[in-house]
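To start, the structure under review is shown below, and the notes come after it.
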Amino acid sequence: MRWVQRTSLVTQIAIAVVIGIVLAAVWPAATPHLAILGSLFISALKAVAPVLVFVLVMSAISNHTPGETTHIRPVLVLYAVGTLAAATVGVVASMWFPSTLTLQAPAQAAAGPGSVSEVLMNVLKSVVENPVKALLEANYIGILAWAIALGLALRHASAGTRAMLQDGAAAVTQVIQLVIRLAPLGILGLVASTFAEAGAQALWGYAQLLAVLLGCMLFVALVVNPLIVYVAIRRNPYPLVLMCLRESGVTAFFTRSSAANIPINLALAKRLRLNEDTYSIAIPLGATINMAGAAITISVLSLAAANTLGIQVDLPTALLLCVVASLCACGASGVAGGSLLLIPLACSLFGIGNDVAMQVVAIGFIIGILQDSAETALNSSTDVIFTAAACLAQERKAQV
């Protein structure tokens with residue numbers, strides 16, 4: 001027990017990853033039992049995250065001091081710039097290193113959105129969702145909308161009511177901290193079950209495609225994002241970027257859920273001493289609309305399909321794909337199947353039929369063991385990186 005208290009959470013997670021891989025290799029029969037740990041951990045995170053976001057945002061807004069600014073707009077600008085930059089990286093990399101896919105007979109099509117307007121309409125409908133249904137289904141746009149509305153209304157409540165909201169937020173935060181302490185056990189189960197079920201064999205056939213996807217995500221995480229952060233804070237961005245990748249990206253990689261990683265990001269933002277009025281809104285919102293990894297996935301797989309079919313993509317169409325991929329990525333959390341089911345929408349730019357596009361989606365699910373994990377790690381870590389950058393930029397301006 002003392003060792004657990006002395007050792008950092010990141011170190012414990014790293015040890016859990018190694019143990020999980022070893023167990024999957026030498027004792028695969030035990031992995032179904034270990035998988036229970038992973039599923040329980042993800043379920044616990046997903047269960048507490050909607051309540052945490054609702055209570056925390058409502059408490060932060062109702063107790064907001066008049067005259068203080070929340071700096072949400074700079075965070076949203078960083079989210080938009082980061083997502084568009086990621087889509088551009090995906091397009092450029094696909095043109096420099098074109099990938100091909102093995103496409104067979106038409107696959108059974110799943111129901112994906114038909115147009116960009118449909119994706120945006122789904123997002124708008126989420127805003128006016130029934131609040132109870134929004135909490136039950138973890139619709140974070142709806143949760144944020146109701147939390148903001150109730151928080152604004154409760155600004156005029158008595159001091160005792162607002163203090164009760166603060167106490168409620170503190171209580172939920174304590175529950176979250178308990179769940180986060182169990183992360184090493186959960187990740188041990190996730191790693192063991194993932195490696196035992198899929199292994200590395202299923203990925204070799206798509207080695208180049210995976211290399212392009214993961215290379216783009218690494219480039220965005222280690223080059224593009226630090227550059228954006230540097231422009232915002234005007235000092236070395238790497239201490240902040242690497243800390244967020246280590247503290248947020250590692251857990252997101254294994255949970256494969258931006259929503260489940262919201263509590264981890266909120267705890268990290270608190271440790272960084274960011275403005276609570278800013279991060280309590282910006283991080284849950286980022287889990288919904290800040291999707292750099294999804295933009296890369298959509299652009300790379302769409303261009304791989306076009307290249308396989310011999311379709312020549314000109315510069316204007318490539319630029320349009322960057323914009324479409326960015327818009328689609330922002331709506332990815334509102335579509336079952338996330339970024340993969342938005343690929344047919346992007347493929348429609350090249351005149352690729354839905355039957356072929358859904359085969360590309362199927363390939364995406366095959367490589368999802370790495371693609372989805374890396375995508376989520378980039379998405380979720382970028383939420384807290386850009387939120388911190390916006391807060392630090394405002395502090396720098398205030399000191400000038």
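Here the Cβ of each residue, glycine as well, is placed from N, Cα and C on the backbone.
What Swiss-Prot lists as transmembrane segment is 9-29 (among others).
The transmembrane segment feature in Swiss-Prot is assigned to 36-56 (among others); the stated evidence is sequence analysis.
If you look up Swiss-Prot, you'll see 75-95 (among others) marked as transmembrane segment.
Sequence-remote contacts of a segment are chain residues at least 6 beyond its ends whose Cβ falls under 8 Å from one of its Cβ atoms, and for the transmembrane segment (134-154) they are 46, 49-51, 53-55, 57-62, 64, 123, 126-128, 161-162, 165, 259, 262, 281, 284-285, 287-288, 333-334. Look at Swiss-Prot and you will find 134-154 (among others) tagged as transmembrane segment, backed by sequence analysis.
Residues annotated as transmembrane segment in Swiss-Prot: 175-195 (among others).
Tertiary neighbourhood of the transmembrane segment (209-229): same-chain residues 78, 81-82, 85-86, 89-90, 93-94, 97, 99, 101, 203, 237-238, 240-241, 245, 249, 292-293, 296-297, 300-301, 304, 363, 367, 370-371, 374-375, 377-378, 381-382, 385-386, 389, selected by CB-CB distance under 8 Å and a gap of 6+ residues from either end. Taken from Swiss-Prot, the feature transmembrane segment covers 209-229 (among others).
Taken from Swiss-Prot, the feature transmembrane segment covers 281-301 (among others).
If you look up Swiss-Prot, you'll see 323-343 (among others) marked as transmembrane segment, on the strength of sequence analysis.
Residues or ranges marked as transmembrane segment by Swiss-Prot: 349-369 (among others).
Outside the transmembrane segment (281-301) by six or more residues, the chain places 53, 57, 60-61, 70, 72, 75-76, 79, 82-87, 89-91, 93-94, 99, 140-141, 143-144, 148, 209, 212-213, 216-217, 220, 225, 258-259, 261-262, 265-266, 269, 321-322, 325-326, 328-330, 332-334, 338-340, 342-343, 346, 360, 363-364, 371, 374-380, 382-384, 386-387, 390 with a CB less than 8 A from a CB of the stretch. Outside the transmembrane segment (75-95) by six or more residues, the chain places 212, 215-216, 219-220, 224-225, 228, 232, 278, 282, 285-286, 289-293, 295-300, 303-304, 307, 313, 318, 321-323, 325-326, 329-330, 378, 382, 386-387, 389-390 with a CB less than 8 A from a CB of the stretch. When Cβ-Cβ distances below 8 Å are used as the criterion, the transmembrane segment (175-195) is approached by residues 9, 12-13, 15-17, 19-21, 23-25, 30-32, 34-42, 44-45, 48, 52, 251, 254-255, 263-264, 266-267, 369 of the same chain, each at least six residues removed from its ends.
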